[in-house]
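Student: Below are the features I grabbed from TrEMBL:
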type	residues	note
REGION	1-53	region 'Disordered'
COMPBIAS	21-46	compositional bias 'Low complexity'
DOMAIN	54-124	domain 'Cation-transporting P-type ATPase N-terminal'
TRANSMEM	100-122	transmembrane segment
TRANSMEM	128-144	transmembrane segment
TRANSMEM	286-306	transmembrane segment
TRANSMEM	318-344	transmembrane segment
TRANSMEM	684-707	transmembrane segment
TRANSMEM	747-770	transmembrane segment
TRANSMEM	823-846	transmembrane segment
TRANSMEM	852-872	transmembrane segment
Amino acid sequence: MTRGYVELQDDPKEEEFKGFSASTTSTSPSSSSSSPPRSRVPTGGSHNSRNTKEHAGVEMDDLLLTNPQTGLTHEQAAQRYKTFGPNQLVEVKVNQILKFLGYFVGPIAFLIEAACIVSAIVKDWFNFFTILGLLFLNAVIGYFEEARAESAVEALRQTLALKTRCWREGNLQEIDTTFLVPGDIIVLRLGDIVPADGRLLGIDAAGAQTEGDLLVDQSSLTGESFAVSKNKGEEVYSSTVVKQGQQRAIVTKTGSETYIGKAAHLIANTASEGHFQKVINRIGNFLVLFTLVLTIIIIVVQYINYRDDPIRGQVLNILGPVMILAISAIPIGLPSVMAVTMAVGARGLAAKQVIVKRLAAVEEMSALSVLCSDKTGTLTLNELTFDEPYLAQGYSPQDLLLYSYLASEFGANDPIELAVRQAAEWQVPILRNRPTGSSKVPGFEISNFVPFNPSSKFTQATVRDVSNGTVYKVAKGAPQVIIQLVGGSDAAVRAYTTMAQRGLRALGVARTLAGTEKWTLVGLAAMLDPPRSDSEQTIQRCHKMGITVKMVTGDQQIIAKEVSRRLGLGRVILDASHMADSSLSEEQRSDRFYRADGFAEVTPEHKFRIVDALQKRGLLVGMTGDGVNDAPALKKANVGIAVHGCTDAARSAADIVLLAPGLSTIVDGILASRAIFQRMRSYALYRITSTVHFLMFFFVVILVYDWTLPAKLLILICVLNDLATLVIAVDNAQISKLPDKWRVGQLIFLSCFLGILLTSLSFGHFYYFWKNQGYIPHPAVDGMGPEVDRRLESIMYLHISSAPHFLIFSTRLTGYFWESMPSIWFTIVILGTQVIALLMVIFGWLTPAVPAGQALAVFGVSLVSCVVLDVIKVQVFRFWTKGSHSLTCAPFGGRRKMLQGRKRVEVAQKRVWKNIHRGPEAIVRKTQVLLAIGRGGSKIPQSMMEDISWDRHGANNA
């Protein structure tokens, strides 16, 4: 061959069917325009990652010359499978080793690892193994918790593995959908999920020609509520559902080349650093920088002071004690506490049928300010139901339903027929108590039935009323046809127009008068995919929690507006033309998206852009969905939420998977995540404060007095206190009413402020027990003074262990600590660790014993200081209005732009309110003047005339 494509060798017997296959590819202009063109896989192209060997490309036209009666041979199928690979989306699998090693990356992790290396160099094996153990504890917790969630999702996916009926070598076989290849002949029937992109052949399962259409639900792809009619030669797409009819189809595309594959490509190319990881990195960068600066200063000063000392002047002898101090200050437990807190929260959500795939999503959900929700199947039921009808005079809603039922085809699975039968069986009394599966209508006999025909557009039944023997006809179909059938009706036309404007699907019903052929209108039934029963309540709860809900759908704009109205979302719905407006700047487009209540006629790319534009405004965006068309946006969103009954693509892209129907579990998840956030912020504030206090105190006493605590006591403070704070994961939490936010500037400022106050308290203890109790910290310069009293080590150990640790009772809340009491286990563990420290200094375990009275006094001062610092903390929070001080204190880069934007908004708001107040006053004064003139009054107060601007521009300004 000379055209650059490799031909697949098909069976010679199939030559006689080439004419038939060619006929299936030629469709009417209308149908061909809506079907995607045939595609080729070019030589050298990367169709997928599978091994193609010499079959680098194939002519797709040649693949479709399959005998529709017998299908492919096993050899042909095997060859094509080898060329194209499995019929499944290429899911990028993360290397598990690299994923585990990823938990050892980050500012805090790097500092801990550096400390671990230095401990090994100086042969401090106790510290080495302690630090290494905590480092691995954090990695193991995070890795196994996320692996557990992924296993649950994978198990769910396996339970939904699909089979399909396929012709191979003249036999109809049931095979796994992953083994389908281009050219396979498949059978599509009612209820089937289309396994791959294909083209309808116009023959039924038995091989006979059929003129009937295939009704396909494409809502998982396009978001359209109503099923689409497909006929011979038209394309059907993978993951859509057959709602009515049966036909054979030839597979045209599989795997990543399908319509779904294009959406999967967007997912694969979406990768960004999580919001929570950014926050932890910022906190870590501050702590690392603070620790490094102080320790380097200590090392330099110590080296200068002891450069002539052959023992103290050695680098390792200087480095060892300083690194022990740095190790003790490093928040080794910060990643572990965060991971445990989120893991415990994820377990709690799992009990509410919410699977957390990505652990950090638990925290990020607490900060959601915008929730973009797919409409079809998420906010709505994805099924047609009856709405408020239009009734002709003399007929009731029950009459309309009864006549609709009489004109319905029993056994048909068309969504409209199903909606009619279900509504009638529920609301018409004579239809309620019939035997299950009965097609009889008590009191009526149907002698003739004419099914729906695309030409006539209605169904018709001849009915006999058993009670009086009268015979009449009933018709049900397209409104315009039924209205014409009855001779026209202006009122019905207006009602139909109103329904169409509201996005409702109308159905006309008429009957003949008994014994005549004169048709009379019964009414127009209105149908809509209705909202779920809990959707409106969930949206209201979200609004009360400070979360803006925006509806996103592929349906028409008028339908979206009607559903939005029923849900109380507002009527500002943007269609695709507004989203693709090239005349708008990115900022203008982002502002338009932010102000909209919803979006209609969107594609997967549109959804992706919506999320991206909202994120660029600094908003944390959640996205809910269930279909393939939602998957890219689910992946892009800060928190992607796959709802009950979602597709594999949506489940794979999401961070959270809901196993219960509806959106109510989302609110439960958000409340739980806000509680988790409060716990993590509590620990972060406590730990940063402890680090600042620890380093500042020892920085001074080492440089001034060359004094520090023994290494064993420093490490004991670090390990015992950090492990104890793990119980914060089960502590009671005060849930905020609005979305939470990591105000890192506020957090660091408050931590430094509290750390300075604790440092002052530590120096008070240090000098009091040195000067008043005679606990000498260092020998005299001339060597003639009293000896060093190591009981100062016990006192300072108890104080430095207990005072910052008790502060965690205060950092739990932004208000006073007694506003929400801690849990019993949290209280027992926190107090228990300090009681152990108290007993150690009283009985002399690992440190010299001190009098019990002194130890109890230090313990009591630590408790009292917690209360004092709590009052100071509340005042700082009250003074620090939301974000204003953090912006004005450091107006650099993005902060400056944010501050300027806020000032512009404030000036504009003041101008608006000023004009609002001036307007009515000016109108009243001018009215008084005009009334005075009208009464012929010549004496108008001059003050009134001077007060009012009578020119046009002045009036406008007012």
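Each position is counted from 1, following the chain as shown.
From the backbone N, Cα and C atoms, a Cβ is placed for every residue, glycine too.
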Student: State, in range form, which of 128-144, 286-306, 747-770, 823-846, 852-872 has the highest count of Cβ pairs under 8 Å to the transmembrane segment (100-122).
Tutor: 128-144
Student: Assess whether the transmembrane segment (747-770) lies in contact with the transmembrane segment (128-144), where contact requires at least three Cβ pairs under 8 Å among residues 6 or more apart in sequence.
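Tutor: Stretch pair does not touch.
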Student: Report the listed stretch (286-306, 684-707, 852-872) having the maximum count of Cβ pairs within less than 8 Å of the transmembrane segment (823-846).
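Tutor: Going through each listed stretch, the top one turns out to be 852-872.
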Student: Take every residue in the domain 'Cation-transporting P-type ATPase N-terminal' (54-124), average their pLDDT values, and give the whole-number result.
Tutor: 76
